[in-house]
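Q: One structure is given below, represented as structure tokens, and several questions about it will come after.
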């Protein structure tokens, strides 16, 4: 019997983040600072180092270790770096909000670190086992984060819904994995792909793939498995919603790629009709229901469902170009979502959450910088030419057309036009509606945090603007990660 010695150097990002999380836990345990400065800066530093390690140790590599359970490649490197950097951006918005409400505890940052560890494991998952373990580590941390505000009935209700539906989706995914294992006699994605190409025991394999697709679609928030998204986005504390709408989206796309592309790519022909249904349903449900929303967070939740539909359009193409477009779309959307939800955290104060669209009345008169950033973000989400959102939609649609899915591409364009209505409605409120006196007093930035937050808002807006003017670097990075 031969024993393969694992190459621990390939798993350096995960090893570092686990060690750093333990270090942050110890430091926070002995910290008496109510602002948790050491915990915050150590968390941000750990995530930045993780991004550097991911790109430096795994870019251009294509190796499998830990008996096939761990895969080090360029796709994993890009996903890990994106997840870590998006988490840094999301967590930077949270500190004033949490401090203003007496919620600034070390547990928030520790849960975010454990969630990142789960996302890193997903990004390099080389088997069904490692992917499921990474997913559960991520999910458990997110369940706890949604319930982080213990005194909020809304947060408790959202957490319960998320936990129950998430557990059901995880069970369905696990059942699908068990059927795939039964049909292929292996947990390794490379072996599963080889067997799937030969169509061994196709009926059991196909049923397993359907269950797995349902589980992954739930994690991505695609219709008709989207029931948790509006309630969780609205009920969770805004910093948690901000985090939930950024890095975990990239991890969900990575899970999709590992399971249904690396593992079950040869079965794309059978998957194609199901992927198309998910894309159409998400575009339809997300855009139509978002139109009637008055709560800004809930509107953005349905917007996220619609964006998941565009991501599914990229996967429906079934080509490397389509997969690269889906990855680029997810990263671009996450940056835009950080700006949108970040704006809510900036404008909110204790006793006033700034969650209603009406709360944004006359924002341009009170805070023109914030209004300008929100304009950039929402115009980009709409997909106006010259923005990063336009390039994201263009690449996805191009991949769909090249794959012969012209009716699907036309439907996606029509859905995007419909979706423009609710984004422009918010901008109309921001720029043309008069502010109410009582709202004007409440929506000032949190005391002592205005300069730091203003800088962060500007950085987020500049990132959206620069990626819209110069998208080539990020597009090339995503394409190189897929071997293009």
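Backbone N, Cα and C define each Cβ position, glycine as well.
So Swiss-Prot says this about it:
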{"type": "TRANSMEM", "residues": "10-30", "note": "transmembrane segment"}
{"type": "TRANSMEM", "residues": "40-60", "note": "transmembrane segment"}
{"type": "TRANSMEM", "residues": "74-94", "note": "transmembrane segment"}
{"type": "TRANSMEM", "residues": "129-149", "note": "transmembrane segment"}
{"type": "TRANSMEM", "residues": "163-183", "note": "transmembrane segment"}
{"type": "TRANSMEM", "residues": "203-223", "note": "transmembrane segment"}
{"type": "TRANSMEM", "residues": "237-257", "note": "transmembrane segment"}
{"type": "TRANSMEM", "residues": "272-292", "note": "transmembrane segment"}
{"type": "TRANSMEM", "residues": "299-319", "note": "transmembrane segment"}
{"type": "TRANSMEM", "residues": "327-347", "note": "transmembrane segment"}
{"type": "TRANSMEM", "residues": "370-390", "note": "transmembrane segment"}
{"type": "TRANSMEM", "residues": "404-424", "note": "transmembrane segment"}
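Help me understand the surroundings of these features in the structure.
A: Outside the transmembrane segment (10-30) by six or more residues, the chain places 36, 38-39, 42-43, 46-47, 49-50, 53-54, 57-58, 61, 63, 65-66, 70, 72, 80, 106, 109-110, 113-114, 116-117, 120-121, 124 with a CB less than 8 A from a CB of the stretch.
Outside the transmembrane segment (74-94) by six or more residues, the chain places 13, 40, 43-44, 47-48, 50-51, 54-55, 57-62, 108-109, 112, 115-116, 119-120, 123-124, 239, 242-243, 246-247, 250-251, 253-254, 257, 327, 331, 334-335, 338, 341-342, 345-346, 453, 456, 460, 477-478, 480-483 with a CB less than 8 A from a CB of the stretch.
Counting residues 6+ beyond its ends, the transmembrane segment (163-183) has Cβ neighbours under 8 Å at 128, 132, 135-136, 139, 142-143, 192, 195, 200-201, 204-205, 207-216, 218-219, 225, 227-228, 263-264 in the same chain.
The list of residues near the transmembrane segment (203-223) in space but at least 6 beyond its ends in sequence, with Cβ under 8 angstroms from a Cβ of it, reads 135, 165-166, 169-170, 172-184, 195-196, 229, 248-249, 252-253, 255-256, 259-260, 264, 267, 270-271, 274-275, 278-279, 281-282, 284-286, 304-305, 308-309, 311-312.
If you look at the transmembrane segment (272-292), the same-chain residues 6 or more away from its ends with a CB under 8 A from one of its CBs are 210, 213, 217, 222-224, 226, 299, 302-310, 312-313, 315-316, 318, 405, 408, 411-412, 415-416, 418-419, 421-422.
Counting residues 6+ beyond its ends, the transmembrane segment (299-319) has Cβ neighbours under 8 Å at 220-223, 226, 229-230, 232-234, 245, 249, 253, 256, 260-261, 268, 271-272, 275-276, 278-287, 289-290, 293, 325-326, 329-330, 333, 337, 340-341, 357, 381, 392-393, 395-397, 399-400, 402-403, 405, 408-409, 412, 415-416, 419, 422-423, 426 in the same chain.
Counting residues 6+ beyond its ends, the transmembrane segment (404-424) has Cβ neighbours under 8 Å at 276, 279-280, 283-284, 286-288, 290-291, 293, 299, 303, 306, 309-310, 313, 316-317, 378-379, 381-383, 393, 396-397 in the same chain.
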Q: At a C-beta cut-off of under 8 Å, are there same-chain residues at least 6 beyond the transmembrane segment (129-149) that contact it? List them, or none.
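A: Long-range Cβ neighbours of the transmembrane segment (129-149): 66, 69-70, 101, 103, 107-108, 111-112, 114-115, 117-123, 155-156, 158-160, 162-163, 166, 170, 173-174, 177, 187, 219, 232, 235-237, 240, 243-244, 248, 251, 255, 258-259.
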